[in-house]
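Annotated features in Swiss-Prot:
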- 47-284: domain 'AB hydrolase-1' (DOMAIN)
- D123: active site, nucleophile (ACT_SITE)
- D250: active site, proton donor (ACT_SITE)
- H279: active site, proton acceptor (ACT_SITE)
Amino acid sequence: MHVLRTPDSRFENLEDYPFVAHYLDVTARDTRPLRMHYLDEGPIDGPPIVLLHGEPTWSYLYRTMITPLTDAGNRVLAPDLIGFGRSDKPSRIEDYSYQRHVDWVVSWFEHLNLSDVTLFVQDWGSLIGLRIAAEQPDRVGRLVVANGFLPTAQRRTPPAFYAWRAFARYSPVLPAGRIVSVGTVRRVSSKVRAGYDAPFPDKTYQAGARAFPQLVPTSPADPAIPANRKAWEALGRWEKPFLAIFGARDPILGHADSPLIKHIPGAAGQPHARINASHFIQEDRGPELAERILSWQQALL
């Protein structure tokens with residue numbers, strides 16, 4: 001496995017990202033250790049909130065949520081998935097698998113001895129985070145899903161997804177900043193777009209971003225389906241608090257909250273919402289999301 005590491009100079013003077021970098025080595029069951037970057041802000045003994053990003057972003061996506069959450073006394077942790085942000089980037093699409101991504105994040109949880117966290121997930125963060133919540137329930141005490149789902153290949157996949165999958169794999173360029181700007185309601189400035197482009201100096205660094213759409217299970221024959229279906233069954237017994245906050249203007253996942261709310265017992269009576277946002281809901285409504293999490297957290301005390 002050939003691994004790339006984005007130069008630190010790419011992350012200097014980013015717009016609205018004053019956070020300290022932390023690193024640790026993570027492993028999957030069949031790979032050597034890789035360096036994962038993460039943010040760890042707020043009091044070390046505060047209630048832990050973990051924020052998981054998705055495709056093709058990194059912890060930069062959470063920059064407007066972190067300070068309000070830490071100002072309220074929470075410890076906020078936001079890792080960059082392997083292949084993204086300041087984390088190591090295996091250089092081949094074939095180096096990535098759904099199971100490896102789950103393993104890498106579980107390894108990160110284990111190294112930091114995290115348990116009873118409030119877990120906020122979006123996009124691929126939900127595909128990973130929902131598996132972890134189901135398979136290691138002691139690690140997650142409260143669960144928030146925003147524009148996410150757990151694929152079990154039991155529903156029709158929208159044609160638009162297959163177009164996105166082909167684009168991600170074969171397009172000569174994969175402009176992360178432009179992708180984010182298309183998936184938002186509000187205008188994304190050139191400086192912010194540059195923040196999303198920062199992890200990828202050139203296309204050789206983008207194998208992880210190109211791999212993600214290929215790894216979404218759409219067929220019952222996909223190797224991830226047995227574990228995902230088992231996790232879905234476990235979520236059907238999840239009685240801890242579950243909250244769905246979705247972007248009403250997300251063209252693909254804007255209504256994916258309904259199956260989650262119906263299936264997960266812990267969703268009953270919670271203040272679920274569809275807000276004026278598109279797919280990158282954190283970019284559209286980051287401070288509002290933070291406020292909703294804090295209000296929910298307070299109500300659960």
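Residue 1 is the first one shown; counting continues down the chain.
Placed from the backbone N, Cα and C atoms, the Cβ positions cover glycine too.
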Other C-beta atoms that fall within 10 angstroms of the C-beta of D250 (active site, proton donor): 23
For D123 (active site, nucleophile), the number of other Cβ atoms found within 10 Å of its own Cβ: 26
Separation of alpha carbons, the residue listed as 'active site, proton donor' and D123 (active site, nucleophile) (Å): 11
C-alpha spacing of D250 (active site, proton donor) relative to the residue listed as 'active site, proton acceptor', in angstrom: 5
Other CB atoms, at most 10 A from the CB of H279 (active site, proton acceptor): 26
For the residue listed as 'active site, proton donor', the three-state class that DSSP assigns: coil
